[in-house]
Amino acid sequence: MTGQSYTLTISPSAVLLGAGLMALHFTVLFGSMAAVLFLLTCLSLVFSRPGAVLPEVRASLFLWALVAWCCLSFLWSMTPPASLRYGIQLGLTFAIAIAAAYRLSMTSLLRVVVVTGLLVGLACLALERSSAGGASVGIFGSKNALAQFSTLNILVGLAIILDHRFDPPWRFLGTLALAMGLLLLVRAESVGALIATAMACFSVLVIARLHRFPPIYRIVMGVFTGLLVMLTIVIILGNFEAFSRFILDLTGKDVTLTGRTVLWEIAFAEIAQYPLLGQGYQGFWVPGNPIAEDIWREFGIASKQGFHFHHTLISNAVEIGLVGVALQAILFYYAFFVILRWAIVSPSAETLFFAGFMVRQFILMNSEVVFFSQFNVVTILTVMAVVYAQRHSREIGTQTALLPGNRPALPEKARRGTYTRAPAF
């Protein structure tokens with residue numbers, strides 16, 4: 001009896017991206033050194049194929065329109081140098097994410113996320129760092145950052161476990177990633193991330209089975225699942241105080257609205273003053289801005305860092321106006337719906353991970369700022385999701401719709417991971 005052998009193929013692009021993502025995770029501990037390592041490794045990925053840079057730019061013009069808007073906002077920003085600097089950094093982040101999405105298959109990306117997630121998770125467990133409130137922060141600057149990282153581990157682990165076509169060694173690593181993510185998420189004590197993760201995992205499990213049903217049932221069940229997720233968000237937001245008391249009684253953790261309604265009132269007042277253009281990319285939360293100073297003082301934020309209006313689109317509208325937020329919303333919701341449909345029609349570890357990730361983004365954007373910021377892992381994954389959605393849309397634009405029993409004759413490379421594989425359930 002002979003054992004089954006497995007071949008390990010190492011992609012230079014995957015190694016460079018993995019090293020860059022690892023560096024980003026360690027920016028709190030190593031500061032500018034980690035940022036420099038991220039740029040060195042990931043820009044090496046970008047320019048490893050210089051002839052591909054311009055075609056990739058032309059294929060992603062809408063993403064670059066958002067970058068251009070953020071950079072141009074220095075013209076009317078309250079802090080022009082900061083807005084220009086951060087806009088350029090956002091451009092570098094987008095360039096890296098776009099190149100990675102064109103150079104790496106979705107399968108390779110999942111493997112990068114698994115390996116980096118396990119290594120960073122081990123570092124978090126080894127350091128045992130905690131916030132002032134006692135919640136674990138690992139190698140990150142806050143419990144929320146640790147919780148967001150943990151969610152990625154859970155989603156990628158769950159997606160790989162559900163896909164029986166992944167080799168057993170990778171499914172084992174996926175199981176470890178799932179367990180690691182659950183442990184770190186509990187230790188982070190972030191109720192918002194816990195809710196988002198639970199709803200995202202529920203969505204993944206539903207989507208993974210939808211392809212078994214006729215198209216009309218998929219539509220009905222998909223709509224029902226979406227409405228259930230949205231209803232859950234509305235109920236929690238509308239009854240947050242009662243929900244907070246329930247969590248306090250259940251876990252002993254005090255979860256309050258953190259003055260979000262007050263913050264939103266301030267944000268809407270600021271948007272009304274500068275509705276179309278905003279106050280400049282990352283030009284509001286800066287020392288010296290009297291309104292920001294008042295908010296920091298009221299909420300006891302001595303560091304004057306890591307604070308926002310607790311809603312992605314509201315917070316971003318203050319900085320880049322309704323024009324910039326419209327660009328962001330178009331990009332996000334385009335990728336959201338394309339990837340969900342893709343995962344329903346052709347479920348695999350790759351599509352299920354991104355479907356769960358986009359659901360997670362959709363839920364957390366109502367309480368956190370989840371896109372688009374410079375030198376940020378979640379932003380990189382969001383941009384890559386947009387690019388993968390664009391590539392998929394272009395691919396099926398000239399082919400028959402992907403329906404059971406009527407699969408298009410994709411090239412072998414595409415079937416094996418350039419986009420995604422065949423249904424594995």
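All positions are counted from 1 along the displayed chain.
Quick reminder: no glycine exception, Cβ is built from N, Cα and C everywhere.
Confidence over the domain 'O-antigen ligase-related' (177-327), given as mean pLDDT on the 0 to 100 scale, stands at 81. Per TrEMBL, domain 'O-antigen ligase-related' is recorded for 177-327.
The transmembrane segment annotation in TrEMBL covers 20-47 (among others). Within its own chain, the transmembrane segment (20-47) is flanked in space by residues 13, 53, 92, 95-96, 99-100, 103, 112-113, 116, 119-120, 123, 139-141, 145, 149, 375-377, 380, which lie at least six positions past its ends and keep a Cβ under 8 Å from the stretch.
Among the features that TrEMBL reports, transmembrane segment is placed at 59-78 (among others). Residues 84, 86-88, 90-91, 94, 98, 102, 274, 277-281, 283-284, 286, 289, 319-320, 323-324, 327-328, 330-331, 372, 383, 386-387, 390 of the same chain lie 6 or more positions beyond the ends of the transmembrane segment (59-78) yet place their CB under 8 Å from a CB of it.
Under the heading transmembrane segment, TrEMBL lists 84-102 (among others).
Long-range contacts of the transmembrane segment (109-130) within the same chain, counting only residues at least 6 positions beyond its ends with a Cβ under 8 Å from a Cβ of the stretch, are 14, 17-18, 21-22, 25-26, 100-101, 136-140, 146, 149-150, 152-153, 156-157, 159-160, 170, 173-174, 176-177, 180-181, 183-184, 349-350, 353, 381, 384. Taken from TrEMBL, the feature transmembrane segment covers 109-130 (among others).
Positions annotated as transmembrane segment by TrEMBL: 145-162 (among others). Residues 25, 28, 110, 113-114, 117-118, 120-121, 124, 136-138, 170-171, 173-182, 184-185, 187-188, 190, 192-194, 196-197, 200-201, 204-205, 208, 347, 349-350, 352-353, 356-357, 360, 364, 368, 370, 377-378, 381, 424-425 of the same chain lie 6 or more positions beyond the ends of the transmembrane segment (145-162) yet place their CB under 8 Å from a CB of it.
As annotated by TrEMBL, transmembrane segment applies to 169-186 (among others).
Taken from TrEMBL, the feature transmembrane segment covers 192-210 (among others).
The annotation transmembrane segment is assigned in TrEMBL to 217-240 (among others).
Residues or ranges marked as transmembrane segment by TrEMBL: 313-335 (among others). Long-range Cβ contacts of the transmembrane segment (313-335) within its own chain (Cβ-Cβ under 8 Å, at least 6 residues beyond either end) map to 62-63, 65-66, 69-70, 73, 264, 267-268, 270-271, 274-284, 358, 361, 365, 369, 371-372, 382, 385-386, 388-389.
Residues or ranges marked as transmembrane segment in TrEMBL: 342-363 (among others).
Taken from TrEMBL, the feature transmembrane segment covers 369-389 (among others).
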*asked:* Take the C-beta pairs under 8 A between the transmembrane segment (169-186) and each of 84-102, 192-210, 369-389. Which stretch has the highest count?
replied: 192-210
_Contacting positions for the transmembrane segment (84-102) when only residues 6+ beyond its ends and CB under 8 Å are counted_ = 13, 17, 20, 39, 42-43, 45-46, 52-53, 56-57, 59-60, 63-64, 66-67, 70-74, 77, 109, 281-282, 372-376, 379-381, 383-384, 387-388, 391
